[in-house]
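Q: I have a structure I would like to understand better, so I am pasting it below and will then ask my questions one at a time.
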Amino acid sequence: MASEHAAGGNDWRDYLLAVSVALGLAAGGFLFAQLLAVPLTLGLLAFGFPIEGSVSYTLSTLLQGAAFVSFVLGYMRYSDSPRLLDIRWPSLSRPRRTLRDIGWVVVGFVVLLVAAQGVGIVLDQFGFAPGTNRIESAARAQPLLALSLVVLSFVATGPGEETLFRGGVQGVLRRVFSPVGAIVGSSALFGLAHVTALVAASGAAGVWGYVVSTFVLGLVLGTLYEYTDNLLVPILVHGGYNALLFVQLYLVETSGLGFLSP
């Protein structure tokens with residue numbers, strides 16, 4: 001991502017434009033997903049599927065991931081920014097680079113897991129335990145949904161959210177801001193955007209706890225992207241982390257077993 005950063009020569013208008021575009025990408029991605037969800041919802045109702053059912057959650061998760069990726073790709077085409085996303089596919093012709101990326105996925109996953117547990121403990125001590133995610137609540141009521149969400153973490157949630165927030169938002173901010181500024185900015189939007197995923201009963205403390213927790217996770221994912229110059233790394237780390245949470249949720253709901261603190 002360093003190649004996207006202009007080392008000096010920016011005035012306040014450049015910063016204002018970058019922030020405006022970043023906000024537009026974040027808000028636009030969710031709005032686009034909501035617009036696409038309208039015909040999906042109508043179709044589900046027409047065929048007798050409940051809105052809160054596993055089929056609905058599975059299809060809406062797939063749709064949101066596709067919408068986020070499509071929106072960023074559309075922006076890249078419209079703004080003539082073909083190099084906005086830094087993505088590098090595994091290659092047998094570059095084994096050392098591929099092994100390095102795999103190593104960062106493993107390290108990033110461990111760091112993200114430790115960070116999540118650590119921030120959860122701290123927030124709980126101050127009475128800001130993160131609220132309940134709506135899809136988590138649905139998976140508790142329908143444990144088999146959790147298993148489908150394990151797969152969707154890798155094919156929809158991870159790719160969609162990382163393309164939007166790390167590739168799009170952080171990429172745009174990185175053009176004029178320092179690495180730290182871009183990572184903090186994208187992580188803040190990442191945290192605030194997740195407010196829409198909470199159940200109404202979470203309360204103010206739960207909402208802020210969830211925002212802070214997600215913000216910290218965004219810092220880890222953003223740092224991975226900045227350091228590796230490869231969007232696949234945070235995509236796989238994010239997907240792996242979410243998948244692990246859903247595996248635990250399934251085990252807890254079906255057998256009472258668990259290996260992470262709530």
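Here the Cβ of each residue, glycine as well, is placed from N, Cα and C on the backbone.
What you see is a predicted model, and the numbers here were worked out from it, not measured in a lab.
Annotations per TrEMBL:
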type	residues	note
DOMAIN	146-244	domain 'CAAX prenyl protease 2/Lysostaphin resistance protein A-like'
TRANSMEM	15-45	transmembrane segment
TRANSMEM	57-76	transmembrane segment
TRANSMEM	102-123	transmembrane segment
TRANSMEM	144-160	transmembrane segment
TRANSMEM	180-200	transmembrane segment
TRANSMEM	207-225	transmembrane segment
TRANSMEM	231-252	transmembrane segment
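For each feature listed, report its degree of burial, its nearest neighbours and the pertinent distances within the displayed model.
A: Residues 90, 129-130, 209, 212-213, 216-217, 219-221, 224, 227-228, 233-234, 236-238, 240-241, 244, 260-262 of the same chain, all 6+ positions outside the transmembrane segment (102-123), place their C-beta atoms under 8 angstroms from a C-beta of that stretch.
With a cut-off of 8 Å between Cβ atoms, the residues of this chain six or more beyond the transmembrane segment (231-252) that come close are 85-89, 101, 104-105, 108-109, 112-113, 116, 136, 139-140, 143, 146-147, 149-151, 153-154, 157-159, 161-163, 166-167, 217, 220-222, 224-225, 258-260.
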